[in-house]
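What TrEMBL lists as domain 'G protein gamma' is 1-69. Residues annotated as coiled coil in TrEMBL: 5-35.
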Amino acid sequence: MAQDMTEKELRKMELDQLKKEVKNERQMISKTGKELVEYIESMAAEDPLLKGIPEDKNPFKEKGGCIIN
């Protein structure tokens, strides 16, 4: 798609995107970083990547073994 656009069209698209981004409210990383760490720590007990998935609830466990006669 971008290969088919002229330089002027690309610059206009970039300018439009920058106009949208400049309207975003900014916050200090010192505040948002603390909030992010607190959220991650509060959700850690429920995180399946940290605590694992019980075998009976694992949708990806193998249903049966290989049987060779």
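Cβ coordinates are placed from backbone N, Cα and C, and glycine is handled just like the others.
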Model confidence over the coiled coil (5-35), averaged pLDDT: 95
The domain 'G protein gamma' (1-69) - residue tally per DSSP class, helix then strand then coil: 44 helix, 0 strand, 25 coil
